[in-house]
Amino acid sequence: MIVIRTPGRLSVRLHPRVLAVGAVCLLLTVGVGVLAVGHGEYPMSPADVLRTLTGGGSAAEEFIVTQLRLPRLVTGLAVGTALGLAGAVFQALVRNPLGSPDVLGFTQGAATGALVVVAVGGSSAALAGSAALGGVVTGLLIYLIAWRRGVHGYRLVLVGIGMSAILTGVNGYLMTRVPLMSASRAMLWLTGSLDGRGWSDAVPLLVALVVLVPALLACAPALRMTELGDDAASGLGVSVHRMRMLLLAGAVLLVALSAAAAGPVPFVALTAPHLARRLTRAPGVTLLPAALIGALIIVVADQVALRALPGQLPVGVVTGVIGGGYLVWLLATERRAGRL
Amino acid sequence: MPRLGSCQVPTAFRTTLEFTLSVIESPPYETPTRSTAPPRHRRTALRASGLLMAALTLLTVAVLSMAVGAKQIPPGEVWHALTDRDAAEYAVVRELRLPRTLLGLLAGAALGVAGAAMQALTRNPLADPGLLGINAGAAAAIATATALFGLGGGTGQVWFALLGAAIVTVGVYAVGGGRAATPARLALAGAALNAALYSYVSAVMLLNAAGLERLRFWTVGSLASADTGTVLRVLPFIAVGLLVALAAARPLNALALGDDAAQALGARPAVARAGVILAITLLCGAATAACGPIVFVGLLVPHLVRALTGPDLRWLLPYCALLAPVLLLGSDVLGRVVGRPGELQVGLITAVVGGPLFLTLVLRTRTTRS
């Protein structure tokens, strides 16, 4: 650990391992991203891709890269970053490795919002907006129900699980109310897919990221304090409940907007923070590495879905299956270690 | 009873010693029964008459379930419609509503008893076959079978559901059976498992349009597709499951005191646990195969019943077997009334009715303390 002290009273701690993991993740993401942009009906070499991106390609190449392939990549990156960050915040707030938006009902809320639009009939923009609204409303409801002179980890978890079970019933019902064609469209959306995403899908989430990432990262030191327990954190000058509310609001917004952009891609928010913690071996909360790893996971999973698997499978299938396997392994090891 | 601290004393000796100590320490002149509670035989009579009341309630709901629907039949004429071949409603009642009611009875009893047995086994008030992912395990197995082998109903579906339920039951017990697992942690592990299994089921449905068409109606949880064949297919599994669960009631009561005390009382903990796991698997697997994954029935009914009977499983389990179908069939009837001219699936009703009850339970009990 390196500590840098400025002549004033500021000091910054740097963990070389965290920096290294972050750098490697970033490099890998850029590398896979370049390969991803080069892949398709009109194959391009990495050199061509880089040349086009810097403005040196032909008009056709320019169109293919910036209008067709880059939006998909950027949407994936943004969704991964948002989910990784939100997952890390949730797990720190709930103080349990399993506290992720998939488990706590936010995803189901977004799905309900989307399914209502599918059932009533509406444009893709309406669907995305309704999904985001559903996620936010669910988050608000869970928070209000769990509130009792402040919100504590396990009550939040249990209320979330209850809401998630209720909404699963509602979603199943909505699925039976639509014709089969709409049902498969809804199913594709519910699985989480990046197919045919344009700039209009990515922009709202990118704006939210620009605002929320610095805000959440600024809360990280306070979040680390609460790991000592609410009382100790209060004693150290952290306004625990206000911080918790702000973090929760930010994380719910990120989850809701990423669901609007690509559907509820499962298990990224659960696995990314774990991998971050294991790889960096940093004590406590690791927000930024989790965000970077989330982006890497989605980009890689999308490439696996496109290249390695038959048919046009959405990215959510890959993250769902891999995430599910990881979860089983996690349950087994955490149980053995007595942390579950 | 006074505690003896942690010194190593042989179990039998310790039990004797504790008993002696309790006799010595108990104040003199106290009557053997506590003065507030009614005497034992009166309590038994009370509970037995309560059981009779529960049976009558169930009968009423069953008659309602045969009477209410797209074609209304006055409750007084249900018996006539059921037995008289020439009655105008004979076909409706005999071929649609009777199987549906019977399936509701079986599935309700199965889920209620499985929930109660599970709460006793894991000593966890939040245990429920739906919340812990056992029903989702059965669903995932059935989805796999439908996609891979084009399985369409039949006995094969029940076997696959049993396989899925068995795997998840053993897994959940391995995770949640220990003393370290608090209610909230177990519920969280179950919810995570649920999320994983449902994301798998949706992936299967996505790949297979025919599967989607069949499974989307099944995954809500519905009694609507019941026919005589379905009832007969699941009947043996649920009957065996119920018998095994009832037989395990006494050993489970003993296990509530801890393994040592249970052994001293003559119970065999390992055998009892294996029996209960077998019963839960049979009950949940068969119920899910027949009417889809249904949540909250197995959680709520034991909690409501416990207020009537107390924790004694010899009474709790029969009460659950009678009152859980009341909830399930009642929800089904409600779905038919509310959703007119069509109907709302029973899984939706139990989720919407049971969910708020679950939330009040969570907010009221102290289990939520971290």
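Just so you know, glycine gets a Cβ as well, placed from its N, Cα and C.
Quantities reported herein were computed from a predicted structural model and do not represent experimental measurements.
The transmembrane segment annotation in TrEMBL covers A:18-37, A:73-94, A:114-144, A:156-175, A:202-224, A:245-270, A:282-301, A:313-332.
Counting only same-chain residues 6+ beyond the ends of the transmembrane segment (A:245-270), those with a CB under 8 A from a CB of the stretch are 75-76, 78-80, 82-87, 89-90, 93, 98, 100-103, 106-107, 110-111, 114, 128-129, 131-136, 139-140, 143, 151, 188-194, 197, 201-202, 204-205, 208-209, 212, 215-216, 219, 223, 294, 297-298, 314-316, 319-320, 322-324, 326-327. At the 8 Å Cβ threshold, with sequence separation of at least 6, the transmembrane segment (A:282-301) lacks contact with the transmembrane segment (A:156-175), having fewer than 3 such pairs. Of the Cβ pairs linking the transmembrane segment (A:156-175) with the transmembrane segment (A:114-144) and spaced 6 or more residues apart, 3 or more are under 8 Å, so the two regions touch. Sequence-distant contacts of the transmembrane segment (A:114-144), counting only residues of its own chain at least 6 positions beyond either end whose CB sits under 8 Å from a CB of the stretch, comprise 104-108, 151, 156, 159-160, 163, 167, 171, 174-175, 177-178, 182, 185-186, 189-190, 200-201, 245, 248-249, 252-253, 255-257, 259-261, 263.
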